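Undergrad: Pasting the feature list from TrEMBL:
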BINDING   Asp23, Ser52  Mg(2+) binding site
BINDING   Tyr171, Leu172, Glu173, Ala174, Gly175, Ser176, Gly177, Gly203, Gly204, Gly225, Thr226  sn-glycerol 1-phosphate binding site
Amino acid sequence: MQVEAHLQKIIDQEGKVHLTLIDPASQTPERAAEIALAAVEGGTDAIMIGGSTGASGTLLDETVIKIKEKVNVPTILFPGSSAGLSRYADAVFFMSLLNSRDIGYVITNQVLGAPLVYRSQIEPISMAYLIVEPGGTVGWVGDAKLIPRTKPEIAAVYALAGKYLGMHYTYLEAGSGADKPINPEMIGAVKQVLGENKLIVGGGIRDAEAAKLCASAGADMIVTGTVLEEVMDVTAKVAEIVSAIKR
Ligand SMILES: CC(C)=CCC/C(C)=C/CC/C(C)=C/CC/C(C)=C/COP(=O)(O)OP(=O)(O)O
Ligand SMILES: O=P(O)(O)OC[C@@H](O)CO
Ligand SMILES: [Mg+2]
């Protein structure tokens, strides 16, 4: 419970958590570690490591190792399949894509990955993963029956089912690089049924204003990925978003 407890403590003390997503397929392990360090200097709370394509094997292991050499915030795997696990990470979002049509993303990858988690020190954090329109690459790869942007009630009943199945976290995903983030009405409806359970929101959040909208609507944690691959000054971008969400 170390990483989960750590994130809870940050929520208790600072209101919200900021997560930086690094895709091992987007740059070298050395560059990934530089981005992670810059993000930590900007105030990010943990580094998520994963991608929907190609984040596995030596490249994944090396990326986790280099990041851990540079920063001391938790590293959390965000696996696209059982191949997205690395024994070097601190934790894993042990997630089920509840709105997938493909049983592989609902349970089979988790079954195949479970023994590695059991044999390692990786802390599993149970999570309901829900993909909303437009869904991006992950929506396609995960064969998601995309939740319509304008149907908060559908997202809420999925979240409720995840909570009743015992999942501690719910992740509302608009897709990496989405043109707009999940809308506040949906975030509010989901957080209302979740109560104390934690809500992560990501996809298309690129500035302070968008992050603040999501956080104020009820997101406990905000994820940024793509925008940090694009900007020159990662520290400044993270600091902008972090200062907009923390109290
Ligand atoms: C828990 C275990 C062992 C496996 C879970 C397997 C599941 C449910 C995967 C869900 C679907 C999926 C393909 C997720 C990938 C993770 C993800 C959303 C990465 C997004 O990373 P980016 O790199 O920003 O996106 P792109 O890959 O689209 O660029
Ligand atoms: O890359 P962005 O758009 O920040 O999205 C982050 C994350 O929600 C993707 O899985
Ligand atoms: Mg990517």
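Cβ atoms are placed via backbone N, Cα and C, with glycine included.
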Undergrad: Tally every other Cβ atom lying within 10 Å of the Cβ atom of Glu173 (sn-glycerol 1-phosphate binding site).
TA: 27
Undergrad: Quick one: largest C-alpha distance among Tyr171, Leu172, Glu173, Ala174, Gly175, Ser176, Gly177, Gly203, Gly204, Gly225, Thr226, binding sn-glycerol 1-phosphate per the record, in angstrom?
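TA: Answer in Å: the longest Cα-Cα distance is 17.
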Undergrad: Provide, as an integer number of angstrom, the distance between the C-alpha atoms of Gly204 (sn-glycerol 1-phosphate binding site) and Ser52 (Mg(2+) binding site).
TA: 16
Undergrad: Any idea which of the binding-site residues Gly175, Gly177 has the thinnest Cβ neighbourhood at 10 Å?
TA: Gly177
Undergrad: Rounded to an integer, what is the Cα-Cα distance in Å between Asp23 (Mg(2+) binding site) and Thr226 (sn-glycerol 1-phosphate binding site)?
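TA: Rounded to the nearest whole number, the Cα-Cα distance is 9 Å.
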Undergrad: Could you measure between Tyr171 (sn-glycerol 1-phosphate binding site) and Ser52 (Mg(2+) binding site) for me? Cα positions, answer in whole angstrom.
TA: 15
Undergrad: Can you tell me which of these binding-site residues sit near ligand 1, meaning the Cβ is under 6 Å from at least one of its atoms: Asp23, Ser52, Gly177?
TA: Asp23, Ser52
Undergrad: C-alpha of Gly177 (sn-glycerol 1-phosphate binding site) to C-alpha of Ser52 (Mg(2+) binding site): distance in Å?
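TA: A Cα-Cα distance of 13 Å.
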Undergrad: Identify which of the following binding-site residues, namely Asp23, Ser52, Tyr171, Gly177, Gly204, Thr226, place a Cβ less than 6 Å away from any atom of ligand 3, and list them by sequence position.
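TA: List returned for ligand 3: Asp23.
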Undergrad: List the same-chain residues at least 6 positions away in sequence whose Cβ sits under 8 Å from the Cβ of Thr226 (sn-glycerol 1-phosphate binding site), in sequence order, or say none.
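TA: Set apart from Thr226 (sn-glycerol 1-phosphate binding site) by at least 6 residues yet with Cβ under 8 Å, we have Ser176, Gly177, Gly204, Arg206.
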Undergrad: DSSP three-state call for Tyr171 (sn-glycerol 1-phosphate binding site): helix, strand or coil?
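TA: Reduced to three states, the DSSP call for Tyr171 (sn-glycerol 1-phosphate binding site) is strand.
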Undergrad: Given the binding-site residues Ser52, Tyr171, Gly177, return the subset with CB under 6 A from an atom of ligand 2, ordered by sequence, or none if empty.
TA: Gly177
